[in-house]
Amino acid sequence: MTEPIESIEVSLGDRSYPIWISTGLTESAEQPHFAKHFQAAVGDCTHVVLIHDAAVSNTIASRVEKQLEQAGIRITSISIPSGETSKSVSKLESIWNVMLESGTDRRSVVVAVGGGVVGDLAGFAAASFTRGLRFVQVPTTLLSMVDSSVGGKTGINLPGGKNMVGSFWQPQMVWIDTQSLSTLPDRDFISGMAEVIKYGVIEDAEFFCWLQDKAARLIEKDPETLRYAIRKSCESKARVVAEDERETSGRRAILNYGHTFAHAIEATAGYGVCLHGEAVSIGMQMAAHLAIDMELCDRSLLEEQTAVLSAAKLPLAWKDADPEKMLPVMSHDKKVSHGKLRFVLPDRIGHVAMVGDVPSEKVIAAILACRDEPN
């Protein structure tokens with residue numbers, strides 16, 4: 001039987017924080033679990049800037065707002081349209097202006113309620129306004145629960161690249177209520193599965209084996225199975241972040257498996273056309289093809305990865321993949337060193353390595369391998 005609430009610690013010294021995982025504990029105004037954990041995490045607070053996805057304005061965001069108001073906290077509510085196009089300079093500026101007009105100061109706390117877009121945008125607003133405000137994440141999508149809400153990466157997109165402007169800004173707390181997944185559209189839920197599967201490939205072979213057996217139940221949103229997958233994913237993310245918070249040792253870069261290709265797919269397709277998790281799934285396939293071509297692993301790894309991604313109903317190929325458009329975008333990837341592309345590539349299930357000086361013709365071949373037909 002799953003406990004009513006579970007916790008995972010992100011160990012970063014005096015900036016450590018908890019990830020709370022529950023089901024339905026944001027629902028009750030009579031038992032304000034969120035407000036109590038919020039106050040324990042942030043301490044004294046009389047003003048919250050609640051930045052939320054418009055899609056959850058009348059559900060979990062309104063419940064969070066009600067609990068905080070009942071605790072005597074003044075709320076400034078900012079609704080953000082869904083989609084990657086909201087991660088823009090203009091949207092960030094509009095948030096800053098509302099914060100200024102509402103009397104936001106260094107004692108205020110920013111609370112992000114929504115998916116990865118809202119978390120990234122609100123986190124960067126918190127990091128930059130008055131040189132830094134306390135920040136709390138309330139992720140409402142599978143992808144944001146297992147990935148973007150944990151680790152402190154915040155930022156916005158530029159026309160030429162994803163997440164090109166941002167900062168590391170750790171939250172005071174991450175509050176995951178899996179009940180919010182019950183209303184998440186199937187496409188968005190499945191998109192998040194890519195990041196769950198990623199953890200098995202990069203770091204946890206035992207978890208990957210579990211996913212091979214449980215992918216179908218996850219798609220059905222079986223509560224116990226879902227809670228376990230979220231907890232295991234958060235444990236992996238917390239472990240890697242604790243070892244390399246700001247990507248100085250290279251350890252944290254393993255979390256970018258498939259992402260060099262994925263970000264180029266998103267940018268060339270147009271933000272929002274291909275969901276992030278969908279792009280990551282295709283990017284993982286491209287990375288596996290590249291690893292085979294670089295003789296880092298044999299084809300069985302690709303076959304195992306393909307089987308799990310397929311079971312999760314994730315895309316394996318993108319018919320519009322164009323190396324001529326993708327390579328220039330990839331040249332701006334943050335893992336580029338001395339003008340050379342570097343890739344996170346698997347050598348076996350449960351382990352990846354950073355590989356540099358990859359010939360461009362091999363990158364092109366990997367892209368083309370995932371263009372015309374499923375693997």
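Glycine is no exception: its Cβ is also placed from the backbone N, Cα and C atoms.
Copied from Swiss-Prot, the annotated features are:
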BINDING   82-87, 116-120, 140-141, Lys153, Lys162  NAD(+) binding site
BINDING   Glu195, His259, His276  Zn(2+) binding site
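Counting in whole angstrom, Lys162 (NAD(+) binding site) lies 17 from Glu195 (Zn(2+) binding site) by their C-alpha atoms. Close to Asp120 (NAD(+) binding site) in the fold, though at least 6 residues off in sequence, lie Lys87, Ser148, Lys153, Thr154, Gly155, Ile156, Asn163, Gly166, each with a CB less than 8 Å from its CB. When the Cα atoms are compared, Ser82 (NAD(+) binding site) and His276 (Zn(2+) binding site) turn out to be 13 Å apart.
Neighbour counts of Cβ atoms within 10 Å were taken for the binding-site residues Ser86, Thr141; the minimum is at Ser86. Looking only at the binding-site residues Glu84, Glu195, the densest Cβ neighbourhood within 10 Å occurs at Glu195. The two recorded residues, His259 (Zn(2+) binding site) and Ser86 (NAD(+) binding site), show a Cα separation of 20 Å. Around Val118 (NAD(+) binding site), a 10 Å sphere centred on its CB holds 33 further CB atoms from the protein chains shown.
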